[in-house]
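Quick look at what TrEMBL lists:
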- 9-138: domain 'EamA' (DOMAIN)
- 35-53: transmembrane segment (TRANSMEM)
- 65-85: transmembrane segment (TRANSMEM)
- 91-112: transmembrane segment (TRANSMEM)
- 124-142: transmembrane segment (TRANSMEM)
- 148-168: transmembrane segment (TRANSMEM)
- 149-282: domain 'EamA' (DOMAIN)
- 175-196: transmembrane segment (TRANSMEM)
- 208-231: transmembrane segment (TRANSMEM)
- 243-262: transmembrane segment (TRANSMEM)
- 268-285: transmembrane segment (TRANSMEM)
Amino acid sequence: MDKASVARFLLLALLWGSSFTFIKVSLEGLTPGQLVLARLVLGAAVLLSIVAVRKVTLPRSAQVWGHIAAAGLFGNVIPFLLLSYGEKTTGAGIAGVLIGATPLLTLALATAALPTERATSRKAVGLALGFVGVVLLIGPWHESLGSLSGRLACFGAAISYAIGFVYVRKYLSPLGLAPLALAASQLVSAAVLQALVTPFLEWRTPHFTGPVTLSIVLLGLLSTGLAYVLYFRLIGDVGATTASAVNYVVPVFAVLVGVTFLGEPVTWNLLAGGLVVMVGVAYAENRLGQLRKDKAGAVR
């Protein structure tokens, strides 16, 4: 990667890693439902603005929008809500590390649901390692990491993300939609869905302090809206394999930001569990082999 791509890569990891702290602070003034709605509306506004400037065409087919809505449900609404509810009783760092299991869960679901994904011994070993890491993180004996229900909610968010990714691969990727159009459409549909359910969720009068307001704005505009733009720019510049390696760095930033700004503790099982999960993901995906192929292709 050139210096500009490295900068985008690290900025993306920082934005996604910081999102867990932004959620934690925002919950001091908003309910989970209110927070998710604000996040989606702000993120969608960013992407729609870029779509308008670049004159990107959004999908028009009702059937396609139905698939996009399903992707928004599993890829945005459900995981955002679960993270927000989970972080009411657990830390930002542990939430970020648990979300780091998403690639592993995606691989498992894709192998089961997509005919193009074959089951291999490498995947089985990687999944087993990842499961051990998740047990270390979720284990009910670790009171220092917050409530068990909070950690389970965050892990549920990772499962929902994985379902969303597999759904997109199966039903939307074959359509050849422009990445920016798909991302904007998905956030718009997710915002609409969240607007419909928010009145039926926990409700209280929002309390906007300086930190709460700043966290909401940064979460929506930067960690949701701008982050999508950076991710697709990275895919275009360095390829999907290298760009997706950001998933290994996000948990690190999540822990560092949580420790720095929230004073969260760093426990042995947080470090050990996070490391085991990332090793499992890397082994199952044959990450080193894929990166070598990318470099060899670039040399040719």
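Using N, Cα and C of the backbone, Cβ positions are placed for all residues, glycine too.
Most Cβ pairs under 8 A with the transmembrane segment (148-168) among the ranges 65-85, 91-112, 175-196, 208-231, 243-262 are made by 65-85.
When Cβ-Cβ distances under 8 Å to the transmembrane segment (35-53) are tallied for each of 175-196, 208-231, 243-262, the top count falls to 208-231. Beyond the transmembrane segment (268-285), the same-chain residues lying 6 or more positions past its ends with a Cβ under 8 Å from any Cβ of the stretch are 93-94, 97, 100-101, 103-104, 107, 122-123, 125-137, 139, 142, 145, 247-248, 251, 255. Using DSSP to sort the residues of the domain 'EamA' (9-138) gives these counts of helix, strand and coil: 104 helix, 1 strand, 25 coil. Ranked by the number of CB pairs under 8 Å to the transmembrane segment (175-196), the listed stretches 65-85, 91-112, 243-262 are led by 65-85. Residues in the domain 'EamA' (149-282) partition by DSSP class (helix H, G, I; strand E, B; coil) as 115 helix, 0 strand, 19 coil.
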